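Visitor: OK, Swiss-Prot features for this one:
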ACT_SITE  Asp537  active site
ACT_SITE  Lys631  active site
ACT_SITE  Asp812  active site
Amino acid sequence: MNTINIAKNDFSDIELAAIPFNTLADHYGERLAREQLALEHESYEMGEARFRKMFERQLKAGEVADNAAAKPLITTLLPKMIARINDWFEEVKAKRGKRPTAFQFLQEIKPEAVAYITIKTTLACLTSADNTTVQAVASAIGRAIEDEARFGRIRDLEAKHFKKNVEEQLNKRVGHVYKKAFMQVVEADMLSKGLLGGEAWSSWHKEDSIHVGVRCIEMLIESTGMVSLHRQNAGVVGQDSETIELAPEYAEAIATRAGALAGISPMFQPCVVPPKPWTGITGGGYWANGRRPLALVRTHSKKALMRYEDVYMPEVYKAINIAQNTAWKINKKVLAVANVITKWKHCPVEDIPAIEREELPMKPEDIDMNPEALTAWKRAAAAVYRKDKARKSRRISLEFMLEQANKFANHKAIWFPYNMDWRGRVYAVSMFNPQGNDMTKGLLTLAKGKPIGKEGYYWLKIHGANCAGVDKVPFPERIKFIEENHENIMACAKSPLENTWWAEQDSPFCFLAFCFEYAGVQHHGLSYNCSLPLAFDGSCSGIQHFSAMLRDEVGGRAVNLLPSETVQDIYGIVAKKVNEILQADAINGTDNEVVTVTDENTGEISEKVKLGTKALAGQWLAYGVTRSVTKRSVMTLAYGSKEFGFRQQVLEDTIQPAIDSGKGLMFTQPNQAAGYMAKLIWESVSVTVVAAVEAMNWLKSAAKLLAAEVKDKKTGEILRKRCAVHWVTPDGFPVWQEYKKPIQTRLNLMFLGQFRLQPTINTNKDSEIDAHKQESGIAPNFVHSQDGSHLRKTVVWAHEKYGIESFALIHDSFGTIPADAANLFKAVRETMVDTYESCDVLADFYDQFADQLHESQLDKMPALPAKGNLNLRDILESDFAFA
């Protein structure tokens, strides 16, 4: 076994950086200066340890080829080996006589697949196994190539069936053994139906498999020198063998790159001093530059980042600096509770991942004799394993968040650096941050409080009701909920481990934090200094922005832009319309029918039951369609989702969890049920927010025209190349949407994953614009850029007009301390109105791209969507627009 040793990085330059230390010491004292730089140093060490752990795990599992450290090596070697395989094929064909055994098996397989399997399998054997004899490695290569040939024919010969029925399920299996076992079952089923030409696979003989592997190793050596052969115990009976080793220069190349990657993979942490202000496109947030200085904008390349270097956007810089200057601290009371209950076997908070795996279902006594019982047990066990995989990942994340909270628990204040994605959405940089899940948000509170006062106490109670899920009713009813549950709240604050009513609420940890503050007001009165962040959340933010920019009164009313005595719940509105259709279909819908299906390849005719809308409606009525069924689909409409996307969401969010929990037994045909519901949601939401759908279609038309290549019809001369889409947000942030087709070609293997092959000839051309992605991405990216601009404008407005210093920000959620909540409530609305009164963002977008169109395209561009009669000033009077 080859050992790949990664040299440890020396990050001492971070902790010992003199310039940031002196700056920090002058402002915050030497102790905090040392601690801050030590934390930044530690972040790099933590990141390195995480990378090394992953690398070592991949080494042991034989998956080192999947690590980024090995991929450049493989990318370099692949073309060389592919060329050698092609040459060998030609050499063999040119010769007379009997052809080599290996050729007979390899000639029907793509050289790219043979080369990749050889390199990946060889690396796996040499870095994970002790038995690295030529025979052992050759046998492994031969078996892997046979598996690709055998099961790859399902993908290639029955592409439609594979894509529709097999691929997704195959990808859910983890590990070669389980993937192969699954494909064997699929193969048997397909053969029984006359697919694959009705021919069963004739397994390769062991000697033939080794012949194939040996020839592949020979070609690997001939073309790349990646490995070398060594004779062991020559002449010793029973011990004479030939081993294979990774060439030292290649082992060193992997180790060197792994070390470099480990050095630029920091696990960023909070700061114990205010973050470094942003003054340029790099170097803000953290005080020492480290190996990888933080970038203001998260882009896919340095070239993309450099576009922002000379952009004048003072309001953007100002907003990010105000946001990250917010002082936070750990909520010790919530932390004390979280430290205990997350270790309980039966945690009262439903969303907390358990410490131990759920027990497998009991095996039926007749499982060995009853195939149906075996199948049912396997299905139930598979659900447990699937849930456990997610549980492990979530548990690791939970324990890291708790570790971070405990680490910073005794600091009077901590801060979180912020930056943006390329659309301008604002993100906290560290892994532990205020934009996390309910527990993470509950563990944090703002560091600077003020006496709560009467108005602040009012908003505190509104916040408490929101955390309990009582947020779809008017404010008086929310207040009433809190007052009626006064005893419960006080009991939870006094003994949260004994009185766990708080754990039953919609956002349990945030509600627990509220309970403690509510009790504080009860004990100390309105002079109580409260620093709990109270959040005002948008009501389906994407549709709010589309409705505002188009003055759409119908859509605006559905998402609470207009004053109303009751809360408009667009998810509930759509669910109601869906239920009306379900009721009608249950009575007058279509009946089930038996449809005949003709196999395109074999001509075999089979029958299957297609559920009618009457049966499907009955299933959904039995399950119960509420806002939770429609929420994700409606929410993602403004971000580009359509009927097909809705189908997958319904399947993943509703049907599959219901089946796993035993509550979805009515869904006898999950895919049909999901498709039916997706269609109803699409129809219902399309008539609810007509203008938003129209705006999205208009944006797609614009992006499609820009991404089109214009040629002279007679000469074929290119008159205009494909263009990226560019626009500027109302606060001056430039957005470039530029999806490109990868220069590489993707190689898909059945069990060894995917790999992108570099072209063998470098054309020195930039890759082309991906027209499909440009079109499908424009609506979500455009509206995300608008809500990012609104957030930044709100931060600056609230800070400069109302003197607010503390902000809790999550895209369309705006929070601050109770004493300042009323002013932030106003600021969010004022900036929304100001933005769309002073900017016609769609007209501005048109102006920014129209000049790039060729004259022949101008008549293809549809007119700007018509505007409605929504009075933007009404937003100022709407209680529930952001509430």
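Note: Cβ is positioned from N, Cα and C throughout, glycine not excepted.
Surface or core, plus neighbours and distances: that's what I need for these features.
Guide: Taken residue by residue with DSSP, Asp537 (active site) is part of a strand.
In sequence order, Tyr571 are the residues of the chain that are 6 or more apart from Lys631 (active site) and have a CB within less than 8 Å of its CB.
Within 10 Å of the C-beta of Asp812 (active site) we count 22 further C-beta atoms, all protein chains included. Look at Asp812 (active site): DSSP puts it in coil.
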Visitor: With Cβ-Cβ distance below 8 Å and at least 6 positions apart along the chain, what are the contacts of Asp537 (active site)? List them in sequence order.
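Guide: Counting only residues 6 or more apart in sequence, the Cβ neighbours of Asp537 (active site) under 8 Å are Asn466, Asp812, Ser813, Phe814, Phe882, Ala883.
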